[in-house]
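Straight from TrEMBL, the features:
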type: COMPBIAS; residues: 199-213; note: compositional bias 'Acidic residues'
type: REGION; residues: 199-240; note: region 'Disordered'
type: REPEAT; residues: 256-290; note: repeat 'PPR'
type: REPEAT; residues: 331-367; note: repeat 'PPR'
type: REGION; residues: 663-682; note: region 'Disordered'
type: COMPBIAS; residues: 668-682; note: compositional bias 'Acidic residues'
Amino acid sequence: MAARRAGAGCWQRALWLSRLCRLQAGPESYRCSSSSTALGKAVDSSEVAEEEIVLPRRKTWNKLAVLQTLASTVNRDPTAAHYMFQDDPFLMPRNSANSRLYSLSKESGRNAAKYIVKNFPQYFDKTFAEPNVPCLMPETLTPRIEGVSEEALKERIKLRRVKESVDIFDQLVQAGTPLSLETTNSLLDLLCFYGDEESTSENEEEAKEDLEEPGVNASEEKAPKRQFQRGLQSSGPRWRDNNHAERIFKIMPERNAHSYCTMIRGMVKHGAFAKAYDMYIDLLNERHKADVHTFNALIKAAPILKEKFIERWELTKEFLTHMAQQEVQPNLLTFNAVLKALRRCGGVGRSMALLVVKEMEALDIEPSLATYDHLLSIFYRGVDLPPSGIISEVLDEVEKRSFTPQDPDDANFFSTAMQVCCDLKDIKLAYRLNKGMEKGDNWKFLDVDRLNGYWSKFFSLLCMMEQIEVVLKWYKEMSPSLFYPTPKNILDLLQALDAANQLEVIPAVWEDVKQLGFTRRQELLEEFLSLMSRDQHPDEIQLAFAKCAEDIKAAHEPAGREQVPLEWTGSTLGNVVVLFSRAGRTQDAWNMMELFQQTNRIPTDKVMNEFLNCAKQTNCPEEAIKLVKLAASLGLPSSQRLKSRTEEEFELSEIQKKTLESIKWDGDSSDSDSSDSDSDRE
């Protein structure tokens, strides 16, 4: 009722305003019109030019308008993890490895639930949801048609029951029951998609094919294909000789273009490239025409069918020529397949790629992110290639649009482009790329793994090229909400702090390292200790550094039976001693000095001088004498100098002086031995 009164009140005010407008304007009043005749009458057309005011009766809102408005009022929390981990705080990831493990675990749980529902449907026959939303309920996957008939076969095909479909087909053929061409082609579609394997939740999505080889030189005449074939073999089941699809295709009484096209696409999908090409030749001999999807699959397989770069391009052109002869209109995926093939054509690819893009423009086909991804891979693959302006032109286009998924390779663009920015060491291009990624819904192309890789590369480039204030600002905003720093990112950040002479930030970075679980990374520990022990700092900072050194010392101690303790190196031991000594922690420093003898390491002069200075500041002559004994037992040449400093800088008691004098030097014993031997000779 309140809403009706509000609506009626608005409508009455609109009528009142229209009447007031006519009364004030006089004979040359403006005409206020709407779909209702009660709003006013039309004035004479001979009057002065009039302005039309249209009052809409109703505003149509998007179904998600309210949610979008609410979402615009909420900003990203830089301290929170990805939203997919919010359901269970106990499983909040600590680093990128945990993030990947937990996300895969959630997906594995969904697949397990689907498996249970699919194999035990009798336990899920009741609906408790109120109101019932059919699209959110489990699908009905139980066959309802019993017996052996064409209708039963169609139902099994629709339910993606590969083995049951093949069994019913064989029984129908043995019984002499004729089957329609449409049903047989549907069975071929099922077999070619799943490759003779039973459908599961893991392989229901088409496996992504990566037709790119590792970096090759443009001067090569031939390119290896073993690694490429091995990559395709791992993407899904292989095409077996005389499998069910081939057997059914051979016994079909009649075949049409759809039959051949299905077989070609299935063979390419599952790695039988030579068979796919032979099947295409049979299609041409039977005077059939292939569809655009079949040509796209053949173009993707062209780099495998030929070895030389020029032969690969010639075969690709041959397929394009056949498309024109058969009047098959190319689409976006066709040109993306051509560019993907050119990625494996060396210098030929770089010379032809831009011509392919111009042909797309001529046909009014708008590029997708996969198009730009292939272009960047073509022009920026070799480390010895000169910088090109291609990426700048690509970013000009990306910054203007909000893309929608059209190609499986669309998701690779932002990671590839950020890698190019890192290779070129161009921070301005990286900022432009990041702006394009945040345009509209472009950020959705980055899943959890790609998102972490993208921001990791971006952060490494920031550490290399930006001021330290900017680096720390991005670091606080990005971690852990956008990415989890890798050990390399931490090393890059430490180098940036060192270059900017802001080592006082190191304790805060060390706390993040503990949170990330990197306290047992030897290269990280050595870098931390090296930077903290290199120079003398104010007392407050030295105390914080000593706290970090204590954590590093604890990381070298075994925490359990299955955990192997880290091995102490001479530099690590020495740096910890220096940090403890500068913080005035004499006993902790001496405990570390004892480890030199236990681990057969040799302390440097700097380490012993720092410890001696600490003993002097804390007035511990006993520790100084112990240091002289340790140096003498290790046979260090600096032991005499340490003894002299101890005698000069410390107030020693008579007992301590005798103890210091009683220390035996390896040099003295050797000299006495040599003198004894000389006397014996005489």
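Each residue, glycine too, has its Cβ placed from N, Cα and C.
Keep in mind it's a predicted model, so treat the numbers as computed, not measured.
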Mean pLDDT for the repeat 'PPR' (331-367), rounded to an integer?
93
Helix, strand and coil counts within the repeat 'PPR' (256-290) (DSSP)
26 helix, 0 strand, 9 coil
Taking helix as H, G and I and strand as E and B in DSSP, count the residues of the repeat 'PPR' (331-367) in helix, strand and coil.
28 helix, 0 strand, 9 coil
